[in-house]
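Here the structure is laid out as structure tokens; the discussion comes afterwards.
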Amino acid sequence: MKKIYVLSDSTGETAERVVRAALSQFGGSDVRIVRLAKVCNQQEVQQAVATVTADEGLLVYTLVDSSLAVAVHTIAEEHGLMAFDLLSPLLHSLSVFLGTVAQSTPGLLHQIDTDYFRRMEAVNFTVKHDDGQENRGLVKADLVLVGVSRSSKTPLSMYLANKGYKVANVPLVKGIDPPEELEAIDPSKVVGLLISPKRLVEIRTSRLVNMGQSMKNSYADYEKVEDEIAFCRQYYRRHPGWLIIDVTCKSVEESASEILRRLVGQFAE
């Protein structure tokens with residue numbers, strides 16, 4: 001079995017993913033990837049190159065310290081080892097393009113990568129728990145948004161998810177009991193959304209028009225909407241520990257900022 005060694009002054013996770021992506025173009029090749037992480041000095045570089053040479057492997061490396069990258073290149077050539085520098089050419093091009101030098105701080109790429117996957121995990125969670133789906137998973141949410149239909153629950157949930165928060169949202173419908181799971185949630189995680197009846201009628205009317213449905217639909221009837229909002233307020237009063245915000249005149253960004261600001265004890269932007 002052939003071996004590809006991934007050498008890095010950080011975790012090597014990002015470089016390994018790049019290698020695996022490239023390997024996917026070669027079908028079912030019998031290749032093992034071995035990670036050599038946290039290589040931070042020339043002695044460790046020499047030991048790593050010796051190991052790869054003994055196995056007749058391919059060396060792929062990402063080292064932000066240019067002196068270490070040069071050392072790997074030099075020692076690999078001395079051993080007749082096939083080695084590929086993933087990072088240095090890009091750092092050089094970016095340095096020329098931006099007119100500045102790289103920080104040469106190991107681990108920054110891994111941190112960016114980690115943040116990205118954390119956001120993706122949050123987005124996936126939020127999609128699965130949109131509009132009352134998967135109520136059994138509410139307890140795993142960072143935030144739970146509650147409100148009547150068209151009160152910005154979904155766009156607000158997705159905006160917060162893209163900041164890395166796992167968000168579930170639950171619709172309030174007069175005449176239908178909210179899910180029991182909602183009562184078991186830590187009150188400090190729940191946000192109740194309010195909106196003026198007039199604005200809600202405008203939003204719902206626009207939706208009916210876009211969907212080609214009859215304007216006589218009670219969904220956008222002013223009196224029915226007023227009843228829904230009254231029910232909503234009454235329900236919120238039974239949960240004094242919830243954060244209640246009015247989204248009537250706010251953009252999604254403004255509502256999200258208010259939520260994070262007022263829950264600063266739990267979340268930091």
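Cβ coordinates come from backbone N, Cα and C, glycine included.
Copied over from Swiss-Prot, here are the features:
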BINDING   Gly147, Val148, Ser149, Arg150, Ser151, Ser152, Lys153, Thr154  ADP binding site
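Shown here: features listed in Swiss-Prot, placed on the structure.
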residue	record	Cβ contacts under 8 Å, 6 or more apart
Gly147	ADP binding site	Lys153, Asn169, Pro171, Leu172, Gly192, Leu193, Leu194, Ile195, Cys232
Val148	ADP binding site	Pro171, Leu172, Val173, Leu193, Ile195, Leu200, Glu228, Ile229, Cys232
Ser149	ADP binding site	Pro171, Val173, Arg204, Tyr219
Arg150	ADP binding site	Leu200, Ile203, Arg204, Arg207
Ser151	ADP binding site	Leu193, Leu194, Ile195, Leu200, Val247
Ser152	ADP binding site	Leu193, Ile195, Val247, Val252, Ser255
Thr154	ADP binding site	Asp130, Asp131, Asn169
10 Å Cβ neighbour count around Lys153 (ADP binding site)?
25
Using DSSP with the three-state reduction, classify Thr154 (ADP binding site) as helix, strand or coil.
helix
